[in-house]
Structures are given as structure tokens and as C-alpha cells.
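Among the features that TrEMBL reports, active site is placed at C111, H146, S163. For 241-307, the entry in TrEMBL reads region 'Disordered'. The annotation compositional bias 'Basic and acidic residues' is assigned in TrEMBL to 279-293.
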Amino acid sequence: PFFVNRGGLPVDEPTWERMWRHVGRIHPEGERVAQRIRGAADLPKIPIPSVPVFQPSIPIPERLEAVQRYIRELQYNHTGTQFFEIKKSRPLTGLMDLAKEMTKEALPIKCLEAVILGIYLTNNMTTLDRFPISFKTHFSGNYFRHIVLGVNFGGRYGALGISRREELMYKAPVFRTLSELIFDFEEAYRRCWHTLKKVKLGHCVSHDPHSVEQIEWKRSVLDLDKLTREDFRKELERHARDMRLKIGKGTGPPSPTKDRKKDVSSPQRGQASPHRRNSRGDRRPSGEKKPADSKAMPDLNGYQIRV
């Protein structure tokens, strides 16, 4: 026999028995109370948070607040058990399927799960830029790691996420620069007696939930022990500038479909372009050009796009 938690996941009975024995050692009548709770048939159902749905007229800042409320309602996972296995190397489409499962199970989550869920819930906000921000801190001889989802809307920076500390998760998009946002997190850590050691910044995440690209988690790794305060600020602004340039040019890792189309059409473009034909003529005489034959064109029937 087994029991199930709020999301319907099975929990083996010996684990529950060990927990009740632990409760019994702390509370004199803990085991009797536990048995009474387990046998109760009229306990109220735990409410499951509703996934936010937005009308097109709702402003982006209000949508972000609703997304953060939903993440907060799931609650932080204090159990010590990871309910969802997240591999950072998985393609975006696989991570979005996992996020959809999170909304169905409605189990408590941790910071990395909150980032994946934040990406999933903001995919339809195409004017919003999203990128991961990771922190490494030091406190009382130990190192701690945390991650949030950075956002940029209308040139203002903010963050989505979940944490044990209220000041280490949601930040409204009101910061004028990326450095102001990171410095605000640093100050929040300082109030918790943590010393910020490293900051890792990723690039913008695609809004295509079916993309086979991988999330770039650490495009810039900034070690605060090796950087002056001014150099740290400059590196943060350099990363912000790189993200703006990438978005402006529309660059990024191409999908497999685009790669194959480019390979197929490149011989035709090379033959039709006068500029390219003239530049080749400068490098070698036209008599040395190889005549085009049927082998120059790839066999389109042999192409299979795999995802």
C-alpha cells in the first residue's frame, strides 16, 4: 500500500512510518495524532492554484505579477525531495513539457523549477526578454547557489522566481540597467549575511515552445573576487549590450530546419549573384571553373529532419 501527496505522486509507507515515529519523539501524543489524521475522511481538499490566463489588453507588468503570484502559491519545496528532474542540457521543447507537467501536479517547487515555469508562462509575451541569472554566495563556511529568471520589458529589468527569502525572488521591472538589478540582489544577500561570490548570466530564451535549442545558462561568468566594483558593473552592462545586439540582429543558434534550407539553396544563390561571381573571377580564371553537374545539387529525398 502507498499514500499519495497533493499532486497524486505515490509515497511509500515506510517513509510515512519513519516520519510519524519522528513526530512521536517530539510530541508525546504525536503518533496518535498522526493516526487520527491519516484515518480522517472529511479533511478539506487542498486548493490547487489556477494557471493565469491573460487577455491581450492586460499590460505586461501586471501579467508578470500574476505569474509571480502563481509561482508563490505553489510554495517553496522544503521537503528535501526533488519532485521534478530538470536537466539543463535538455532542449527547450522538453523543458516546456516538464513545465506543463508542473502546472498539472501543482507540487511545491525550488528555484530552478520556478525559472522553467516562468519561461513557460511568459512564452506568449513576445515583447518580454527572458534570461537566467545564477548566484553563488558564501555564508558561515558554506557556499549556496540560487537562480532566477531575469526579464527585460521596455528597457527596464526585473526578475521572476522563488526563494526562502522574499527579497531574493520577484523584482518588478523597474530597474533602468542590468547592473542596478544585480546590485539590488547583492544588497538583499548582504541583509541575509551572505557574500556574493559569482554571477552567471545567460542569453535570451526563445519564445518558441517547440524550439530544439538549448538554454544558454552561463554566457557570462563574473567572479567578484577577481573584479573591481567598476569592472563588475562594466561587465554587466556589456552583457546587457550583447543581449540587445543579439535581439536586434535576430541572431542565435539556428534550428535544424534553417540549416538544411541554407545548405540546399547556397549553390543556387552562388550562381545567380553577380557580385559573388565577379569576386571569384578575381581569384582564379574562369577557365578553371568546374562545370556544374547534377552531383552539385544535394539529394533532397535523402534529407530527414530529426527533432
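For all residues, glycine too, the Cβ spot is worked out from N, Cα and C.
Sequence features, as recorded in TrEMBL, placed on the structure.
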residue: C111; record: active site; Cβ within 10 Å: 21
residue: H146; record: active site; Cβ within 10 Å: 22
residue: S163; record: active site; Cβ within 10 Å: 18
C-alpha spacing of C111 (active site) relative to S163 (active site), in angstrom: 6
C111 (active site) versus H146 (active site) - Cα distance in angstrom: 7
